[in-house]
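Novice: What TrEMBL lists as substrate binding site is Arg125, 148-151, 214-216, Gln220, 267-270, Arg450, 461-462. Summarising the annotation, TrEMBL assigns Mg(2+) binding site to Glu144, Asn146, Glu368. What TrEMBL records for Glu144, Lys305, 364-373, Tyr375, 398-401, Glu425, Lys452, Asp458 is ATP binding site. TrEMBL lists 204-302 with the feature domain 'Glutathione synthase substrate-binding'.
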Amino acid sequence: MAAPWEDVLRDEPAIREAAAVAVDAALLEGVLMRTEGQPNASDVVNYAPFTLLPSAVPSALFEQAYAVQQDFNLLVDAISQNKEFLESTLASTIKADDFTARLFRIHMQVLEEGLAQSVFLGINRSDYMFDCGVDGTPALKQIEINTIAASFGGLTSRTAAVHGQVLKVLGKSKEASRLLPNNPSKGLALGIAKAWELYGSQSAVVMFLVEEVQRNIFDQRCVENELWNRNIRVIRKRFRDVFEKGSLDDAKRLYVDGQEVAVVYYREGYVPKNYDQQNWEARLLLERSRAVKCPDIATQLAGTKKVQQELSRPGTLERLLPGRAEAVARIRATFAGLYSLDMGEEGDKIAATAIADPDRFVLKPQREGGGNNLYGEELRQVLEKIRDSPERTSYILMDKIKPQPAMNYLLRAHSPLQASECISELGIFGVYVRQGKEMVMNKAAGHLLRTKAIEHADGGVAAGVAVLDTPYLV
């Protein structure tokens, strides 16, 4: 899977010159993050970390990932509407994992009251790696699907231009012209705009629900500006603003600071540390409202690791997507081996297998956001500790994917320039809008390639491990 950069990688002076150009190009294009020292101020900013050279991606696998995205959109939406499936799948997890349990309780409460929301918006990102099997042929294998706060659709919209400039400086104009245009921020904004329009109030706003610490603000601003360009008003609020200034009227319309909210776009709320008691109350208020939540709480639950593992069981996809045999086949082709750690013989057996051979597996808790998975010796120690405890049911096991590494340079502010052996992860953004039972939009909205040095087992760009990249199709 070698990209045609072998000659360049050996030319140190050319690399140094290209790296200087690359950093300026990133600043010029707006591939930016706030600094760790001042995460809530834009007085000082720096470039978001990225690769010097675009990474090789097999074109057949890239096309496969795009082709299956609409199927995954339909699947996530079907799961979110299937109360019985979520209830039975998460039954063991909610006993052992308080965070999932609290989300689930809100879900049940809202269903009992009757859903006020009639328009549903899903923005998800399905992440894959290229697994080199026994014979060395790469295959597309899904890592996870993110159904809440899937990030970097904005910055990745600007990264291809940086890599195009680098390739030109290195005398590779022909290769630069082959980089694909990619604009997820526009695709995500189209979905939000459609949901806003179907909500049916010209004066209502779109509310970005954001974190207290906002280093990744420019990524969000890319999507936000697309909405302003369509004359859709955007406000940015935190959970505590909703708690202090949010209310519902008799028709369950949501008002925050006196403004009616048509769409709530979550860029926060996916890990336990995002919540204290008042934030849970704010979340319940949002869920009970008529506003279009992206995601609503059922869709967030559809993205849990336990659901991912349950989907790999024979017959599950067929039940969730009846009469869609081709979609089921496309989805199933991307699955890696996934195993339940529920109490009982099946769970006992797989736990013992993983303890004996920990390098074969990844241990995954029910968490989003990177940096949570366990590997190797750490996996073995944790499993040994919880093997006889119901706590193990809050995890799933997955076969470890083994991609083919390639050399690249990872550009980070204040870090020395050095070559690293790297592996990449491809994400495809999906957007869908449903009104009542009718699907009014279902599309793939662009891609995100992230690359990291092979010594890092886990973690994304926001977690400070992976960097932004651009696929070069081979």
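Glycine too: its Cβ is placed from the backbone N, Cα and C atoms.
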Novice: Among Arg125, Arg215, the binding-site residues in question, whose Cβ has the most other Cβ atoms within 10 Å in this structure?
Specialist: Arg125
Novice: Around the Cβ of Glu144 (Mg(2+) binding site), how many other Cβ atoms lie within 10 Å? Please give the count over every shown protein chain.
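Specialist: Result for Glu144 (Mg(2+) binding site): 19 other Cβ atoms within 10 Å.
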Novice: On a count of neighbouring CB atoms within 10 A, which of the binding-site residues Lys400, Lys452 is highest?
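Specialist: Buried the deepest by this measure is Lys452.
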Novice: Quick one: give me the count of other CB atoms within 10 A of the CB of Pro365 (ATP binding site).
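Specialist: Result for Pro365 (ATP binding site): 18 other Cβ atoms within 10 Å.
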Novice: Measuring Cα to Cα, how many Å separate Ser151 (substrate binding site) from Lys400 (ATP binding site)?
Specialist: 24
Novice: Taking Tyr270, Tyr375 as the binding-site residues to compare, which has the smallest set of other Cβ atoms within 10 Å?
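Specialist: Checked Tyr270, Tyr375; of these binding-site residues, fewest Cβ neighbours within 10 Å: Tyr375.
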Novice: Filter the binding-site residues Asn146, Gln220, Val461 down to the ones within 10 angstroms of Lys452 (ATP binding site), Cα to Cα, kept in sequence order.
Specialist: Val461
Novice: Using C-alpha atoms, which one of the binding-site residues Glu144, Tyr375, Lys400 comes nearest to Glu268 (substrate binding site)?
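Specialist: When the Cα distances are compared, Glu144 comes out closest.
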